[in-house]
């Protein structure tokens, strides 16, 4: 256990991007809505509610984990559906990188209705260096050209190099409901997109049609009892994918069974104690995100109060349940009134599958070991992505206190550290419910994480 505690203390604030103003001054369009490392970890992409995608590149000239601005482009624009009289937001719901096959980068981005495949590449800009109209070679006062030696043919010179982005494909008009997930297959040729009631299978090179592989829409919408909340392909087996539902279950599908995957090959469901059921039970059991482990052996699911780790070979119960917000059970009525109970927190595995990460309120996020021999509250650490990290880093030379980590679920005994990465007691009366960590991504090969905190992107690392 000492080794675990030593490793927890190594986490430190590395970087922060974004406006450092007060929360009250934040523009809605600047709020980050998606974060994703690429398959190498050298590039990091974020999407925001203004429809923009910003890319960062690893700065290898610096020690530790540090990124620099790479490029930015407008991915989606606001639209209007005249048939349904609905506005379609430009907000980026998900970003997924495609595996790199040449010098160009490819990534998928989606809003509620339209998915786009973007190509990003280095483009040389050239300018005309000289010709006979150039002031240095000819003017009206010199008269007409009389000899061939006076002729100056236009010549192009290298002027600058930019990162160009253009939509290679646009996959539109395939979803009647809001898209909540996209996932690229391990075959690097296909991907899925999921909305509330359907999942479609696409070929990356074909944008005008897709195959509907899951459809849970009842004939009578009054009989609707659940919606799809998240979907993902298996990281190794290209025939397997899973999706989660608002009923709190996860269904594993095999594309080889049938064209329409109505019957899952496995159903993962944690049976709730009937005596503890309440009005809020169905809401808090709704799964907001699911992820496969890197080796495909385990599944991580996040509902409002817990993280659960499932073995794909064991459907009856999770191998580990990690309580996150038990102190909020007494506040569920208030959280229902202010809609916080419907917040959709994401979750992710570490690159080595030894830890998992998910967010909380007051800009807290937790890192937890996956070892099922440890109790759910053992060996965990809670960090805070806050602007105090800036101020602390600038005053690091002035005896900044050591990073404090929450161990063994001792929430209230730890003071807040000046590094901005300390535990903050999860007293439900003192939590800031406007500051929440909904989106995060873990570097594929090292212990570095990217955290979206409102309009700021934080990077924490052990390096």
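From the backbone N, Cα and C atoms, a Cβ is placed for every residue, glycine too.
Within the list 134, 230, 293, 350, the entry that Swiss-Prot describes as phosphoserine is 134. Proximity of distant same-chain residues to the repeat 'WD 3' (174-212), defined by a Cβ-Cβ separation under 8 Å and at least 6 residues beyond the stretch ends, is recorded for 93-94, 96-99, 101, 108, 110-113, 115, 117, 227-238, 241, 243, 255, 259-260. Beyond the ends of the repeat 'WD 4' (223-263), by six or more residues, the same chain brings 180-181, 183-187, 190-192, 194-199, 201, 211-217, 269-270, 272, 282, 285-296, 299, 301, 303, 310, 312, 344 to within a C-beta distance below 8 angstroms of the stretch.
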